[in-house]
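Quick look at what TrEMBL lists:
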{"type": "TRANSMEM", "residues": "17-38", "note": "transmembrane segment"}
{"type": "TRANSMEM", "residues": "58-76", "note": "transmembrane segment"}
{"type": "TRANSMEM", "residues": "81-101", "note": "transmembrane segment"}
{"type": "TRANSMEM", "residues": "113-132", "note": "transmembrane segment"}
{"type": "TRANSMEM", "residues": "152-174", "note": "transmembrane segment"}
{"type": "TRANSMEM", "residues": "180-200", "note": "transmembrane segment"}
Amino acid sequence: MAVIPSQDALTVRRLRLGIGVLGIALPFVLVAGDALLTGRFTVLDSISAYHRTGMRDVFVGSLCAIGVFLVCYRYARLDDLLSTVAGALAIAVALLPVAPADADPTERLVGRAHQVCAAALFVLLALFCFLFARSSPSRPRLPAEKRGHHGIYRTCGVVILAAVGLALASNALPGSTQDALRPLFWCETVAVLAFGAAWLTKGVAIVKDAARIPGPPVDEPGTTRADQPA
């Protein structure tokens, strides 16, 4: 007989799936929506730059939703702590706009705070990917499918960190090159897609586990076997 997941376990899965879907969809929705509103296809300097366009509400709403999902996320103690901090950072990124070209000192200060929060958020999201790849002490040897999942999580974590590094390095490029290539936007997009892919994979993996793992809930208090690392 298959495990009937607890409400808490179902909530965790839904949060993971929701976070993954929002992360993957965000860059595409912003670009497509801005193109529809303005009548022209333009890639802006960064994902955050859409805060100052007609897609502001979508940008702010999506990041706040991700932030709330992360704050509400409950799993192991370390995951809980990191997700709460990451959720607060996501909301801060949403509410603190990037500085415009003609920014006054206050706007530049807010823009700098936005950049710090965004960088810290991406680092935490990469750390989450590596946490997803950890194994339960009671199950040091994992089935081949789960080893594959763990490989995906680690890859996503490395991709996020590499994208953050390239984004920082792109500041050294001439202004004309940055205007032509939009490296910050593409690095952010790659990082967001990797983040979304990791959470979506984790959510789908444990949904599969719930349907095939027999027996009563075990291991961590407040979780079922379906909640163990997938």
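Glycine is treated like the rest: Cβ placed from N, Cα and C.
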Contact between the transmembrane segment (113-132) and the transmembrane segment (180-200) (at least 3 Cβ pairs under 8 Å, separation 6+): yes
Under an 8 Å Cβ to Cβ limit, what residues of the same chain, 6 or more beyond the ends of the transmembrane segment (58-76), are close to it? 8, 11-12, 15-16, 18-19, 22-23, 25-26, 29-30, 33, 47-48, 50-51, 83-84, 86-91, 93-95, 220, 222-223, 227
Should anything in the same chain at least six residues away from the transmembrane segment (180-200) have a Cβ under 8 Å from its Cβ atoms, list it; otherwise answer none. 16-17, 19-27, 43-49, 122, 125, 128-129, 132, 152-153, 155-157, 159-160, 163-164, 166-167, 170, 173
For the transmembrane segment (152-174), distant same-chain residues with Cβ under 8 A (at least six beyond the ends): 119, 122-123, 125-130, 132-133, 181, 183-184, 187-188, 190-191, 194-195, 197-198, 201-202
